[in-house]
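Report on the structure given below.
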Amino acid sequence: MVNKTDYGEVLRDRDAGIYLSNTVLIVIGTVIGFFGNLTVIYFYLVRIKERGERYFIPQLAIVDLCACLASSLFIVMHNTFFYNYPSDIVCRILTFLQVFVTGLSGHILLVICFQRYLLVCKPYGPKMTVFWKKMSFALACVFSFVYSIPLLGISGTKTTDTNFMNHTVATTLCKFYAGDSSTNSLVYFGLLGLVMVANITITAALYIPVISRIQVVLSGKIAKDNRNRKISSKTDAGANDASFNDTTKTEETMAANHEIQRESISKTRNDFAKRRITVMFFVIILAYILSYLPSVVLLIIAYAIRDFNFITLTEGETIAWTYLSRIVFLNHIVNPFIYSYFDVKFRAELKTCFMCKR
(Lines of atoms letter the chains of each structure in order from A and count residues from 1; the text may use other names and numbers.)
(Lines give C-alpha, C1' and ligand atoms only; values in the text may rest on other atoms or scores of the structure.)
Protein backbone atom coordinates (compact mmCIF):
# COMPACT_ATOMS: atom_id res chain seq x y z
CA MET A 1 0.00 0.00 0.00
CA VAL A 2 1.44 3.38 -1.07
CA ASN A 3 1.22 6.27 1.42
CA LYS A 4 -0.10 9.46 -0.15
CA THR A 5 1.84 12.55 0.97
CA ASP A 6 -0.18 15.53 2.11
CA TYR A 7 1.88 18.35 0.64
CA GLY A 8 -0.30 20.94 2.35
CA GLU A 9 0.78 19.47 5.69
CA VAL A 10 4.39 19.39 4.51
CA LEU A 11 4.16 23.09 3.63
CA ARG A 12 2.71 23.97 7.03
CA ASP A 13 5.33 21.93 8.86
CA ARG A 14 8.16 23.54 6.89
CA ASP A 15 7.85 26.92 8.63
CA ALA A 16 6.15 25.73 11.84
CA GLY A 17 9.30 26.17 13.95
CA ILE A 18 9.79 29.76 12.79
CA TYR A 19 6.21 30.75 13.51
CA LEU A 20 6.17 28.93 16.87
CA SER A 21 9.28 30.77 18.10
CA ASN A 22 7.75 34.06 16.98
CA THR A 23 4.50 33.21 18.78
CA VAL A 24 6.34 32.49 22.04
CA LEU A 25 8.10 35.87 21.89
CA ILE A 26 4.85 37.65 21.03
CA VAL A 27 3.05 36.07 24.01
CA ILE A 28 5.90 37.06 26.36
CA GLY A 29 5.86 40.58 24.92
CA THR A 30 2.08 40.78 25.33
CA VAL A 31 2.29 39.91 29.03
CA ILE A 32 5.05 42.51 29.57
CA GLY A 33 3.22 45.16 27.54
CA PHE A 34 -0.13 44.48 29.21
CA PHE A 35 1.10 44.84 32.78
CA GLY A 36 3.56 47.61 31.89
CA ASN A 37 0.94 49.81 30.22
CA LEU A 38 -1.61 48.96 32.92
CA THR A 39 0.89 50.21 35.52
CA VAL A 40 1.43 53.42 33.56
CA ILE A 41 -2.33 54.02 33.25
CA TYR A 42 -2.86 53.53 36.99
CA PHE A 43 0.03 55.72 38.17
CA TYR A 44 -0.53 58.61 35.75
CA LEU A 45 -4.31 58.72 36.23
CA VAL A 46 -4.46 57.99 39.98
CA ARG A 47 -1.11 58.74 41.66
CA ILE A 48 0.31 61.55 39.50
CA LYS A 49 -2.14 64.44 39.44
CA GLU A 50 -0.17 66.85 37.22
CA ARG A 51 -1.45 66.77 33.63
CA GLY A 52 0.40 69.55 31.80
CA GLU A 53 3.61 67.93 30.59
CA ARG A 54 2.27 64.39 30.92
CA TYR A 55 -1.25 64.82 29.53
CA PHE A 56 -0.88 62.37 26.64
CA ILE A 57 0.99 59.65 28.55
CA PRO A 58 -2.08 57.80 29.94
CA GLN A 59 -3.89 58.12 26.58
CA LEU A 60 -0.89 56.67 24.76
CA ALA A 61 -0.65 53.87 27.35
CA ILE A 62 -4.33 52.97 26.83
CA VAL A 63 -3.83 52.81 23.06
CA ASP A 64 -0.62 50.78 23.49
CA LEU A 65 -2.45 48.39 25.82
CA CYS A 66 -5.18 47.85 23.21
CA ALA A 67 -2.52 47.52 20.51
CA CYS A 68 -0.71 44.84 22.52
CA LEU A 69 -3.88 42.76 22.70
CA ALA A 70 -5.07 43.36 19.13
CA SER A 71 -1.64 42.91 17.53
CA SER A 72 -0.85 39.78 19.52
CA LEU A 73 -4.14 38.14 18.45
CA PHE A 74 -3.50 39.18 14.85
CA ILE A 75 0.06 37.80 14.84
CA VAL A 76 -0.67 34.59 16.78
CA MET A 77 -3.56 33.73 14.44
CA HIS A 78 -1.29 34.31 11.44
CA ASN A 79 1.47 32.18 12.95
CA THR A 80 -0.88 29.34 13.88
CA PHE A 81 -2.94 29.27 10.67
CA PHE A 82 -0.66 30.93 8.15
CA TYR A 83 -1.55 28.69 5.17
CA ASN A 84 -5.00 27.53 6.37
CA TYR A 85 -6.69 30.52 8.00
CA PRO A 86 -9.98 29.26 9.48
CA SER A 87 -12.29 32.32 9.56
CA ASP A 88 -12.94 35.15 7.14
CA ILE A 89 -14.76 37.25 9.78
CA VAL A 90 -11.93 36.91 12.32
CA CYS A 91 -9.44 37.90 9.62
CA ARG A 92 -11.38 41.06 8.75
CA ILE A 93 -11.87 42.17 12.37
CA LEU A 94 -8.26 41.55 13.43
CA THR A 95 -6.89 43.25 10.31
CA PHE A 96 -9.03 46.33 10.99
CA LEU A 97 -8.00 46.46 14.67
CA GLN A 98 -4.33 45.95 13.81
CA VAL A 99 -4.26 48.92 11.43
CA PHE A 100 -6.55 51.12 13.56
CA VAL A 101 -4.78 50.91 16.94
CA THR A 102 -1.27 50.82 15.46
CA GLY A 103 -2.00 53.87 13.33
CA LEU A 104 -3.65 55.67 16.25
CA SER A 105 -0.55 55.14 18.40
CA GLY A 106 1.57 56.75 15.69
CA HIS A 107 -0.79 59.72 15.30
CA ILE A 108 -0.79 60.38 19.06
CA LEU A 109 3.00 60.51 18.94
CA LEU A 110 2.73 63.05 16.12
CA VAL A 111 0.43 65.20 18.29
CA ILE A 112 2.89 64.89 21.21
CA CYS A 113 5.68 65.93 18.89
CA PHE A 114 3.73 69.01 17.79
CA GLN A 115 3.05 69.89 21.45
CA ARG A 116 6.76 69.67 22.32
CA TYR A 117 7.63 71.74 19.24
CA LEU A 118 5.34 74.57 20.39
CA LEU A 119 6.63 74.33 23.96
CA VAL A 120 10.36 74.29 23.18
CA CYS A 121 10.79 76.06 19.84
CA LYS A 122 7.94 78.59 20.20
CA PRO A 123 8.04 79.40 23.95
CA TYR A 124 6.29 82.76 23.50
CA GLY A 125 3.79 81.53 20.93
CA PRO A 126 0.44 79.74 21.33
CA LYS A 127 0.29 76.59 23.48
CA MET A 128 -1.97 73.55 23.32
CA THR A 129 -4.74 74.04 25.87
CA VAL A 130 -6.55 71.12 27.49
CA PHE A 131 -9.40 71.64 25.01
CA TRP A 132 -7.10 71.32 22.01
CA LYS A 133 -5.35 68.33 23.54
CA LYS A 134 -8.71 66.58 23.82
CA MET A 135 -9.66 67.67 20.30
CA SER A 136 -6.37 66.46 18.82
CA PHE A 137 -6.80 63.07 20.50
CA ALA A 138 -10.37 62.81 19.17
CA LEU A 139 -9.25 63.83 15.66
CA ALA A 140 -6.49 61.20 15.74
CA CYS A 141 -9.09 58.55 16.66
CA VAL A 142 -11.48 59.64 13.90
CA PHE A 143 -8.73 59.85 11.28
CA SER A 144 -7.41 56.37 12.13
CA PHE A 145 -10.94 54.97 12.06
CA VAL A 146 -11.74 56.53 8.67
CA TYR A 147 -8.80 55.02 6.80
CA SER A 148 -9.02 51.68 8.66
CA ILE A 149 -12.76 50.96 8.29
CA PRO A 150 -12.53 49.96 4.58
CA LEU A 151 -10.46 46.95 5.68
CA LEU A 152 -13.59 45.39 7.18
CA GLY A 153 -14.92 45.17 3.64
CA ILE A 154 -11.88 44.46 1.48
CA SER A 155 -9.72 42.26 3.72
CA GLY A 156 -10.41 38.59 4.41
CA THR A 157 -9.30 35.08 3.57
CA LYS A 158 -8.25 34.16 0.05
CA THR A 159 -7.84 30.57 -1.16
CA THR A 160 -5.46 29.94 -4.05
CA ASP A 161 -3.79 26.95 -5.64
CA THR A 162 -0.02 27.21 -5.32
CA ASN A 163 2.78 25.10 -6.74
CA PHE A 164 4.86 23.51 -3.97
CA MET A 165 7.42 20.75 -4.60
CA ASN A 166 5.90 20.23 -8.06
CA HIS A 167 2.47 19.65 -6.56
CA THR A 168 -0.61 21.87 -6.42
CA VAL A 169 -1.42 22.88 -2.86
CA ALA A 170 -4.48 24.87 -1.75
CA THR A 171 -3.58 27.67 0.67
CA THR A 172 -5.96 29.98 2.54
CA LEU A 173 -4.30 33.21 3.67
CA CYS A 174 -5.60 36.16 5.67
CA LYS A 175 -4.87 39.15 3.45
CA PHE A 176 -5.32 42.89 3.63
CA TYR A 177 -7.05 42.64 0.25
CA ALA A 178 -8.91 39.42 -0.53
CA GLY A 179 -10.07 40.28 -4.05
CA ASP A 180 -8.23 40.47 -7.33
CA SER A 181 -5.91 43.40 -7.90
CA SER A 182 -7.69 46.52 -9.13
CA THR A 183 -7.06 50.22 -9.53
CA ASN A 184 -9.15 51.01 -6.44
CA SER A 185 -7.15 48.61 -4.25
CA LEU A 186 -3.86 50.03 -5.51
CA VAL A 187 -5.05 53.58 -4.79
CA TYR A 188 -6.25 52.64 -1.29
CA PHE A 189 -3.07 50.85 -0.25
CA GLY A 190 -1.00 53.57 -1.88
CA LEU A 191 -2.78 56.17 0.26
CA LEU A 192 -2.44 53.96 3.36
CA GLY A 193 1.30 53.66 2.78
CA LEU A 194 1.50 57.41 2.16
CA VAL A 195 -0.25 58.14 5.48
CA MET A 196 2.21 55.92 7.37
CA VAL A 197 5.28 57.39 5.67
CA ALA A 198 3.99 60.96 6.07
CA ASN A 199 3.29 60.42 9.78
CA ILE A 200 6.84 59.15 10.35
CA THR A 201 8.40 61.93 8.24
CA ILE A 202 6.47 64.80 9.86
CA THR A 203 7.13 63.42 13.34
CA ALA A 204 10.87 63.28 12.68
CA ALA A 205 10.88 66.71 10.99
CA LEU A 206 9.16 68.35 13.97
CA TYR A 207 11.36 66.81 16.62
CA ILE A 208 14.73 67.56 15.01
CA PRO A 209 14.48 71.31 15.83
CA VAL A 210 13.22 70.42 19.33
CA ILE A 211 16.35 68.41 20.12
CA SER A 212 18.56 71.06 18.49
CA ARG A 213 16.96 73.75 20.64
CA ILE A 214 17.51 71.73 23.82
CA GLN A 215 21.19 71.26 22.96
CA VAL A 216 21.62 75.01 22.38
CA VAL A 217 19.87 75.89 25.67
CA LEU A 218 21.85 73.33 27.65
CA SER A 219 25.18 74.49 26.23
CA GLY A 220 24.27 78.11 27.05
CA LYS A 221 23.17 77.10 30.54
CA ILE A 222 26.48 75.37 31.22
CA ALA A 223 28.44 78.44 30.07
CA LYS A 224 26.27 80.71 32.25
CA ASP A 225 26.76 78.47 35.31
CA ASN A 226 30.53 78.57 34.80
CA ARG A 227 30.46 82.38 34.66
CA ASN A 228 28.31 82.53 37.82
CA ARG A 229 30.77 80.31 39.68
CA LYS A 230 33.66 82.64 38.77
CA ILE A 231 31.71 85.72 39.83
CA SER A 232 30.67 84.02 43.08
CA SER A 233 34.26 83.10 43.93
CA LYS A 234 35.43 86.67 43.26
CA THR A 235 32.62 88.04 45.42
CA ASP A 236 33.54 85.72 48.29
CA ALA A 237 37.20 86.78 48.05
CA GLY A 238 36.25 90.44 48.11
CA ALA A 239 33.98 89.86 51.09
CA ASN A 240 36.86 88.39 53.10
CA ASP A 241 38.89 91.59 52.54
CA ALA A 242 36.04 93.93 53.52
CA SER A 243 36.18 95.99 56.72
CA PHE A 244 34.25 95.21 59.91
CA ASN A 245 31.92 98.18 59.28
CA ASP A 246 30.64 96.56 56.06
CA THR A 247 29.90 93.18 57.68
CA THR A 248 26.19 93.82 58.27
CA LYS A 249 25.65 95.09 54.75
CA THR A 250 27.53 92.11 53.32
CA GLU A 251 25.39 89.67 55.31
CA GLU A 252 22.20 91.31 54.03
CA THR A 253 23.51 91.15 50.48
CA MET A 254 24.46 87.50 50.88
CA ALA A 255 21.01 86.67 52.30
CA ALA A 256 19.37 88.34 49.30
CA ASN A 257 21.73 86.50 46.98
CA HIS A 258 20.86 83.18 48.65
CA GLU A 259 17.14 83.87 48.16
CA ILE A 260 17.69 84.66 44.50
CA GLN A 261 19.84 81.55 44.21
CA ARG A 262 17.07 79.37 45.71
CA GLU A 263 14.56 80.77 43.23
CA SER A 264 17.05 80.21 40.43
CA ILE A 265 17.62 76.60 41.55
CA SER A 266 13.85 75.98 41.67
CA LYS A 267 13.44 77.41 38.16
CA THR A 268 16.41 75.39 36.94
CA ARG A 269 14.89 72.19 38.33
CA ASN A 270 11.59 72.92 36.58
CA ASP A 271 13.40 73.62 33.32
CA PHE A 272 15.44 70.44 33.75
CA ALA A 273 12.27 68.41 34.37
CA LYS A 274 10.67 69.84 31.21
CA ARG A 275 13.75 69.04 29.15
CA ARG A 276 13.91 65.54 30.62
CA ILE A 277 10.27 64.93 29.64
CA THR A 278 11.04 66.28 26.16
CA VAL A 279 14.03 63.93 25.81
CA MET A 280 11.82 61.09 27.06
CA PHE A 281 9.30 61.74 24.30
CA PHE A 282 12.19 61.92 21.82
CA VAL A 283 13.27 58.39 22.78
CA ILE A 284 9.65 57.19 22.50
CA ILE A 285 9.33 58.75 19.05
CA LEU A 286 12.70 57.33 17.98
CA ALA A 287 11.54 53.85 19.06
CA TYR A 288 8.33 54.40 17.09
CA ILE A 289 10.18 55.38 13.91
CA LEU A 290 12.71 52.54 14.12
CA SER A 291 10.00 49.94 14.76
CA TYR A 292 7.56 51.19 12.13
CA LEU A 293 9.95 51.62 9.21
CA PRO A 294 10.71 47.90 8.58
CA SER A 295 7.00 47.02 8.78
CA VAL A 296 6.00 49.80 6.39
CA VAL A 297 8.77 48.95 3.91
CA LEU A 298 7.90 45.23 3.89
CA LEU A 299 4.18 45.99 3.53
CA ILE A 300 4.90 48.18 0.51
CA ILE A 301 7.15 45.49 -0.99
CA ALA A 302 4.51 42.78 -0.50
CA TYR A 303 1.88 44.76 -2.41
CA ALA A 304 4.22 46.38 -4.94
CA ILE A 305 5.67 43.10 -6.26
CA ARG A 306 3.21 41.40 -8.56
CA ASP A 307 2.41 37.78 -7.63
CA PHE A 308 4.46 37.94 -4.44
CA ASN A 309 4.45 34.48 -2.81
CA PHE A 310 5.66 33.60 0.70
CA ILE A 311 6.22 29.98 -0.35
CA THR A 312 9.14 30.97 -2.58
CA LEU A 313 11.06 32.52 0.33
CA THR A 314 14.04 30.63 1.72
CA GLU A 315 14.24 29.74 5.41
CA GLY A 316 16.48 32.73 6.16
CA GLU A 317 14.22 35.09 4.19
CA THR A 318 11.16 33.73 6.02
CA ILE A 319 12.81 34.35 9.41
CA ALA A 320 13.82 37.89 8.42
CA TRP A 321 10.38 38.66 6.98
CA THR A 322 8.51 37.22 9.98
CA TYR A 323 10.46 39.15 12.61
CA LEU A 324 11.00 42.43 10.76
CA SER A 325 7.35 42.72 9.69
CA ARG A 326 6.23 42.28 13.33
CA ILE A 327 8.91 44.43 14.99
CA VAL A 328 6.33 47.24 15.18
CA PHE A 329 4.88 45.25 18.10
CA LEU A 330 7.87 46.35 20.22
CA ASN A 331 6.68 49.94 20.01
CA HIS A 332 3.73 49.12 22.28
CA ILE A 333 5.93 47.37 24.88
CA VAL A 334 8.95 49.62 25.44
CA ASN A 335 7.20 52.86 26.46
CA PRO A 336 6.65 51.93 30.16
CA PHE A 337 10.39 51.25 30.49
CA ILE A 338 11.17 54.62 28.90
CA TYR A 339 8.81 56.39 31.33
CA SER A 340 10.41 54.68 34.34
CA TYR A 341 13.89 55.78 33.22
CA PHE A 342 13.24 59.41 32.24
CA ASP A 343 10.25 60.51 34.32
CA VAL A 344 11.57 61.15 37.83
CA LYS A 345 8.08 61.63 39.28
CA PHE A 346 6.84 58.31 37.84
CA ARG A 347 9.93 56.51 39.13
CA ALA A 348 9.49 58.06 42.59
CA GLU A 349 5.85 56.94 42.71
CA LEU A 350 6.88 53.42 41.73
CA LYS A 351 9.50 53.32 44.50
CA THR A 352 7.03 54.69 47.05
CA CYS A 353 4.43 52.09 46.09
CA PHE A 354 6.82 49.14 46.32
CA MET A 355 8.43 50.42 49.53
CA CYS A 356 5.01 50.67 51.19
CA LYS A 357 4.19 47.09 50.18
CA ARG A 358 7.42 45.87 51.77
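Glycine is treated like the rest: Cβ placed from N, Cα and C.
According to TrEMBL, the feature transmembrane segment maps to 20-45 (among others). Beyond the transmembrane segment (20-45), the same-chain residues lying 6 or more positions past its ends with a Cβ under 8 Å from any Cβ of the stretch are 54, 57-58, 61-62, 64-65, 68-69, 72, 75-76, 79-80, 322-323, 326, 329-330, 332-333, 335-337, 339, 346, 349-350, 353.
Taken from TrEMBL, the feature domain 'G-protein coupled receptors family 1 profile' covers 36-339.
If you look up TrEMBL, you'll see 57-81 (among others) marked as transmembrane segment.
Taken from TrEMBL, the feature transmembrane segment covers 93-114 (among others). Non-local neighbours of the transmembrane segment (93-114) in the same chain are 56, 59-60, 63-64, 66-67, 70-71, 73-74, 77, 128, 133, 136-137, 140-141, 143-145, 147-149, 151-152, 155, 174, 176, 192, 195-196, 199-200, 202-203, 206-207, 210, 281, 284-285, 288, 292, 328, 331-332; each lies 6+ residues outside the stretch with a CB under 8 Å from one of its CB atoms.
Positions annotated as transmembrane segment by TrEMBL: 135-155 (among others). Residues 56, 59, 91-93, 95-96, 99-101, 103-104, 107-108, 110-111, 114, 128, 174-179, 185, 188, 191-192, 195 of the same chain lie 6+ residues outside the transmembrane segment (135-155) yet bring a C-beta within less than 8 angstroms of a C-beta in it.
Residues or ranges marked as transmembrane segment by TrEMBL: 186-208 (among others).
Per TrEMBL, the feature transmembrane segment maps to 277-303 (among others). Long-range contacts of the transmembrane segment (277-303) within the same chain: residues 53-54, 105-106, 109, 112-113, 116, 119-120, 176-177, 189, 193, 196-197, 200, 203-204, 207, 210-211, 214, 321, 324-331, 334-335, 338-339, 341-343, each at least 6 residues beyond the stretch ends and with a Cβ under 8 Å from a Cβ of the stretch.
Counting same-chain residues at least six beyond the ends of the transmembrane segment (323-342), those with a Cβ under 8 angstroms from any Cβ of the stretch are 22, 26, 29, 32-33, 36-37, 39-40, 57, 60-61, 64-65, 67-68, 71-72, 75, 102, 105, 276-277, 279-280, 283-284, 287-288, 291-292, 294-295, 298-299, 350. Taken from TrEMBL, the feature transmembrane segment applies to 323-342 (among others).
In the predicted structure, the domain 'G-protein coupled receptors family 1 profile' (36-339) carries a mean pLDDT of 80.
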